[in-house]
Amino acid sequence: SLFNLSAELTKDYKPGDTALYLQLEDGTTFEYKLDPATMNLPHLRNPDILVGENDLTALSYLHEPAVLHNLKVRFIDSKLIYTYCGIVLVAINPYENLPIYGTDIINAYSGQNMGDMDPHIFAVAEEAYKQMARDERNQSIIVSGESGAGKTVSAKYAMRYFATVSGSASEANVEEKVLASNPIVEAIGNAKTTRNDNSSRFGKYIEIGFDKRYRIIGANMRTYLLEKSRVVFQADDERNYHIFYQLCASAHLPEFKALKLGSAGDFYYTSQGRSPVIDGVDDDKEMCTTRNAFTLLGINKSYQMGVFRVLASILHLGNVEVKDHDADSSTILPSNSHLNIFCKLMGVAYQDMSQWLCHRKLKTATETYIKPLSKLQAVNARDALAKHIYAKLFSWIVEHVNQALQSSIKQHSFIGVLDIYGFETFEMNSFEQFCINYANEKLQQQFNMHVFKLEQEEYMKEQIPWTLIDFYDNQPCINLIEAKMGILDLLDEECKMPKGTDDTWAQKLYNTHLKTCPLFEKPRLSNKAFIVQHFADKVEYQCEGFLEKNKDTVNEEQIHVLKGSKFDLLVELFQDEDKATSPSGASSGGRTRLSIRPEHTLRGQANKEHKKTVSLQFRNSLQLLMETLNVTTPHYVRCIKPNDFKFPYIFDQLRACGVLETIRISAAGFPSRWTYQEFFSRYRVLMKQKDVLPEKKLTCKNLLEKLVKDEDKYQFGKTKIFFRAGQVAYLEKLRADKLRAACIRIQKTIRCWLARKKYLRMRAAAINIQRHVRGYQARCLANFLRCTRAAIIIQKYQRMFVERRRYKQQQAAALIIQCILRAYMARQHYQGLLREHKAVIIQKFVRGWLVRQWYKCTLAAIVHLQSCVRRMRAKRELKKLKIEARSVEHFKKLNIGMENKIMQLQRKVDEQHKENKAIAERLAGLESSHAAESERLRSEVARLRSVEVEARNNANRIIFLLEELEALRTEKSVMEEWAETYRDEMEQLVAELKDQNILLKSEKDDLNQLIQEQSQQMAEKMQRVLKEETRQLENELNEERSRYQNLLSEHLRLEERYDDLKEQMSLTLNVPKDGHVRTDFARGSNESECAYGSVLAESEEASHGAEVRPAWDITKTTLDMSVVFNLQKKVAELEHEKQLLEDDLECREEQFQRARDEEEHSKTRGAELEYESLKRQDLESENKRLKHELNQMRQLLMEDTTTVAMGTAMPGGPAYKLLLDQLNLANEELEVRKEEVLILRSQLVSQKEAMQHKALLYTEGTQKTKDAGDMTQAYMGLKESNSNTFLLWIPAHLFHPPPRLLEAQMQAQKRNHENEIEVLHGELQSLKEENNRQQQLLAQNLQLPPEARIEASLQHEITRLTHENLVSEMHTDYPGGYPKYRLLVLQRVVDLMEQVEQQDKAVRKLRKQLKVFAKKFCEMGGGSQAESISPGQQAEEAIQPVNIPRKEKDFQGMLEYKKEDEQKLVKYLILELKPRGVAVNVIPGLPAYILFMCLRYADYTNNDQKVRILLTSIINSIKKILKKGGDDFETVSFWLSNTCRFLHCLKQYSGEESFMKHNTPKQNEHCLSNFDLTEYRQVLSDLAIQIYQQLIRCMENILQPMIVSGMLEHETIQGMSGVKPTGLRKRTSSIAEEGTYTLDLILRQLTAFHSTMCQHGTDPELIKQVVKQQFYVIGAVTLNNLLLRKDMCSWSKGMQIRYNVSQLEEWLRDKNLMTCGAKETLEPLIQAAQLLQVKKKTDEDAEAICSMCHALSTAQIVKVLNLYTPMNEFEERVSIAFIRTIQARLRDRKESLQLLMDTKMIFPVTFPFNPSSLSLDTIQIPSSLNLGFLIPV
């Protein structure tokens, strides 16, 4: 099987045993039977820590199972496709796209040693590039492998690496052209096969040329063995070349209609494989890519269409049908449509082509015969013609690609990339496989010799005894193929024979080599095949077809017909055979090598070349290739195809790819090699303390002599120890045993200590428990005794209490019963007397009362009926009101009249109060009348008693009265019952009303609480939203800043490159010669650059200089003019984009500043608008609910009217009043909010319209400015090229008059665009002022009360609308349209404003002069002289040159200087100033203060020219000094500090209120008075950004070499990590070596940076940003190297990294920089280190990793887990299942797929305003600065 199983012996093996008892990795036991004949034991396995090594030669046991197992572990488990095998890079095709080829990976490998990083194709490319530059020797990268192994992709990535790291030597973008050749070559030379969807059917060798600075200048391509047979035949599931299918997929395009194409299935040549489509490939898009590549390489549209015509003709030719005419002849029908289309496209005659397709011409010495062809022969002739045409076209395309890649610059060196086929063996092998395997034999021989040479050099370098290494030499096989009477020689000889056949050739092979050469064999069952023993395997070749393919015959008459074509491209293909056909010729049956021949080759030689056989041509081309490779340094890449099914990460085969052959040479000698330091560090544990000597070499020798007895197993070199195979495994076993014994001893001691500690803890705990238990028991006994005694006492008193209480209860009950009984009897007696006494009186009034009661009931019924009717009407009205209330309009009306309605309701409530009061008074009257009636009845009873005697006498009357009395009693009882019922109902109603009132109060309280909670929630929500928006704005602002600052850096880079080009041109061209004019205009950008108008100024100078120059040679200057045009265009585009970004940045900074200002009072105004709108909706809903409850209360009042009339007090009064008050408050608040919303809406609408109008005008102005800038730049570049290019070494008679017309047009356009730019600048200024005015108006309106706010907003809206209407009416009649009218109006406004400003300045100047004169007058005492002298005479005398002594006055913080002293000021203060001396001796920022004081004087004198010149000189001088000393950190830091200080001074003394908050009154007096330098502040800010970026780059250049060594390689904690065995690709070891960087050096360097910036007075906030950038670079570089180095991903290395990070954090704490954000930039590195140390087994571990590594991407986490490597046998590898679990948990993460961090990323820098407390008048200038010409003012 391919992969062998790993097992462990369970029983010792003894000689003579017939079996081995093994235990497999899964735990199962296995008995391995030994072969009785050989008794060979199985191979020994390498130690576990060596499995998965980067280099196969690092394995201790080098045999096939170990190699295959190592490749399997790396490919399947670790997902690593690259592995070193000595000097060979093994690349396994993963069959999926991997994110390991980006620019970040290229940057990571650039400049690294080959062994320092994990294996990669970029590492091989970097090694070749580095050796080319170091050794001054050409290089070659040989990429080989079978079809489908990924050779083309590997070669493509190698070329991409060269194009990226080297760049091009000109602006012609040669590297893009080199890469653009790949789509073309793949389209015409690649096809789909059963093994590969993009298989290269030819070999190619691309030479990439470099100049002396090792930049790409061009390339050249040589091709080998094109498989032409694929044009006419494809096997099942295969395709023809891609270009045919791309052409068919694009047949619908208009330009392809004339080609008469259809789908790929319509043509015979593209439908044989029955697989016209490749999954995931769009042939239409690929066609666009191919055409774009043609265009990029300079092949114009006409040539492209010609190529497509030839390809379409080939397809139509394949559809030409040949029919039998008889047995020996054939014919083509006259009306064959495909042949007709072929002839039209190719421009040939139909009759000629149809004839020679079916006939051929035979020539003899005397006569010529025309012989007809059979159908089979005619079809073969047709296919041969198609193959020949395609071969010619292929050669023509390759030739033009090479022409496009050629360069006029002399090539200094080159790197060749050979993409060639690997060893092939199939079931049926023919001529093609024989040629391929022959080429591989030659390459393998070259590889063997190179490896042998390297081994010999290594042994000689280390001075160890040289022993002959026995390795396989394939020279006998090569001799069998190419020697005299070899296979190819016999094949050529047989081809020359008239009757030679494949059978006769096979017999000659048998007779010649079968008995003489052991590498040649004959199959047993075949006489038409032979077997060759190649270096990789035995291959059986079928002889059939060898002769035909080797001859490569084409019908010459068909070629003559094509040569007579009217199609120019076709004639060009066939006009000269030797021009298009290489020495390798063409091959009809197989592949051919095509290259370019010189034009001067003779035709006779071409015919001779054409007659050469394919084998001879291939042998010659292969010999040339080997000669090229032998004079270069080769680098090998072997591509492996892991499976035949194209499945990703399935490894089931390892065909003959040369990997096993590669390690045989290494295994034969000393494959394992250690330096003495590495050996000592690794195996220090095997030594005793007394064995360690000061000299490590002697120590290692003594140790090896003790451990390894056989001296032949190792050798000692000068710097390394060489081991035989297996010795490292033996040493590792000894080391593991020693460590295991030490671990057991440590475990024993620790377990003893833990057990004793546990015993002592248990004994102390037992004693403590016993003490507490005994105390608890004693306390329990005492408590029981006390409880028993207390219980007895309680029982005694309880019994006494019970008996006493029972006696007292009985006594009290008897007394109560007696009392009640006696009272009852007395009451009964009294009641009887009373009833008898009042019966007569009641009877009298009953009848009257009944009548009155009937009347009252009737009246109550009527009132009740009225109330029902009114209630019905009220319900109808309520329903109508509810319907109206649902509409918005009614709500508005209701809100408008709500106050009146509330007043009406209040009046109605008052009226009802009055009615209730009247009813209550009426009820009181009735009660008084009832009392009077009762009194009267009592008197009547007395009277009745007096006549009682009379009543007794009248018996009949008594009987009647008794009856009447009985009736009255009955009626009375009924009335009492009704009164009681009525009283209960009223009490119940009152209780219900009270409950409703309480319920309403509770609802009101709940609603108030709910409103408060909602308001609090809304406030919190708005605060969160505000914070989120603020954070988003900050992120957007940072992104814009980053983009803007990147553009600034790109702009600076282009400027520097432009200056370099100008200097080079001036140096190369400014050489005097007779007849020429020499004009020196080579000026640096630092001298000619200005803040504004630098482009126009340079163009003016160029135009001035062009007047005195002669003309130029147009043909010779085109290329260089294009270079200058490209540079000028890029500069213009960058300046335009810079301006756009500046404006955008200003807007965003204003928004950000506004958001920060509002954040301070966010609770009051930040979320007010949205919150008030929500609150308004809540209040409206609350208002509706209260209205509904109010209607319910009205209804209740109407229903209770009758009840109130009966004497009940009005219920619900306080609640109703409270509800009305609350409703009034809500309406008032609602009105206030409405007013505020109206104000804000109006202001926002006006502001939005103004901003839209400004954006529209600004866009138009920007477009015009861009066009003007492009024209200006083009004109300047044209004149600059005219003045500096090709003015020398040209004879005088070649000059011609200059083209003045173009110059005049350019100048006219320039003037027009300058005028437009000035107009647009004025308009932009006015728009800015309008914007400021709008913002001020908004701020003022917000401070007004609501009433005034509404009035002001309405006034503003009226004014704005009136102005817009006026403008719209006026501009409709203006002939130029609104834009021109708008420009004129704005220009007029700007002119008026400038006039006003000038008048203001004049007034201020006159006032100052008046004050000066008044002061002088006061000093001189006035007198009559002042009165007699006129002001005009005073002015005249003031300007006379009379020496007047100056009176001493106070220093005003200004420095006066003369115009001629300006250059000295710049020279002494900037150009010749030494930062070190200034930083030590004077205050920080002194140059900035001095320059600003000079600027103040220029402003004070109102001299705008002086201000402009001074600022321009300052900026240009700073740029010049930085360009000169840009690599000096101290210089860059010094000028960054001074530039920022100068910028802060411009802000602090600008006079703006926002910058004057922290000024003292004295400082406010020093503010600038005449000029607004806001635009210069932006220029200085850009300059500061450029200096900051230069400072960061300077720091990175210093820190970059230290980071990897100090953070990863150096052992900060000694003994934590050991060195594993390495292969031939040695890593750069840093263990205890002198001169290596450590963490202490990094910290010292950081301290030096920090102290330097502090010493220069750099702003603290800026220092924090610098430190943050430093730590980001450290973290990013460290993490990137960790992700690309498998040897660094271990537990011990994670501990080292965490310790190093803690040291960095400690440094931050010492410098008080923990809040600068630097620690957060190290978070990815910290989490990666934690990931190396955490457990990685269970699902809980996976969950913990996912939650912990939030700063790492999924790709980074998986990469670290895949790279995790145990450094000792006690550590365990990460299982594949665990990694898949991690991937499943992190699948939902939305993040970038980029693996590495961007080390070139620079955080956007900001310069927070930092005012100085130092007053200008207190600054003293030291004499050491030589600034004595400055006069203090």
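Quick reminder: no glycine exception, Cβ is built from N, Cα and C everywhere.
Summarising the annotation, TrEMBL assigns ATP binding site to Gly145, Glu146, Ser147, Gly148, Ala149, Gly150, Lys151, Thr152. Feature annotation from TrEMBL assigns coiled coil to 895-922, 979-1064, 1124-1240, 1303-1344. Summarising the annotation, TrEMBL assigns compositional bias 'Polar residues' to 581-590. The compositional bias 'Basic and acidic residues' annotation in TrEMBL covers 596-608. The domain 'Myosin motor' feature in TrEMBL is assigned to 51-736. Annotation source TrEMBL lists domain 'Dilute' at 1512-1788. The annotation region 'Disordered' is assigned in TrEMBL to 579-608. For 622-644, the entry in TrEMBL reads region 'Actin-binding'.
Feature map: TrEMBL annotations on the structure.
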{"residue": "Ser147", "record": "ATP binding site", "Cβ contacts under 8 Å, 6 or more apart": "Thr193, Arg195, Asn196, Ser199, Tyr421, Glu424, Lys641"}
{"residue": "Gly148", "record": "ATP binding site", "Cβ contacts under 8 Å, 6 or more apart": "Asn93, Thr193, Arg195, Asn196, Ser199, Lys641, Lys646"}
{"residue": "Gly150", "record": "ATP binding site", "Cβ contacts under 8 Å, 6 or more apart": "Ala91, Asn93, Cys639, Lys641"}
{"residue": "Lys151", "record": "ATP binding site", "Cβ contacts under 8 Å, 6 or more apart": "Val143, Ser144, Gly145, Ser200, Asp419, Ile420, Tyr421, Gly422, Cys639"}
{"residue": "Thr152", "record": "ATP binding site", "Cβ contacts under 8 Å, 6 or more apart": "Glu186, Asn190, Asn198, Ser200, Asp419"}
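Remote same-chain residues near the region 'Actin-binding' (622-644) are listed as 71, 75, 85, 87-93, 95, 121, 124, 127-128, 131, 135, 137-151, 154, 158, 195, 205, 222, 224, 416, 418, 422, 438-439, 442, 446-447, 450, 650-655, 657-659, 662 (criterion: CB distance under 8 Å, separation of at least six residues from the stretch ends). Those residues of the chain, other than Gly145, Glu146, Ser147, Gly148, Ala149, Gly150, Lys151, Thr152, with a C-beta within 8 angstroms of the mean position of the ATP site C-beta atoms are Asn93, Asn196, Ser199, Ser200, Gly422, Cys639, Lys641. Helix first, then strand, then coil: DSSP counts for the region 'Actin-binding' (622-644) stand at 9 helix, 8 strand, 6 coil. Neighbour density at the Cβ, taken as the number of other Cβ atoms within 10 Å, is lowest among the binding-site residues Gly145, Glu146, Ala149 for Glu146. When pLDDT values are averaged over the domain 'Myosin motor' (51-736), the model yields 83.
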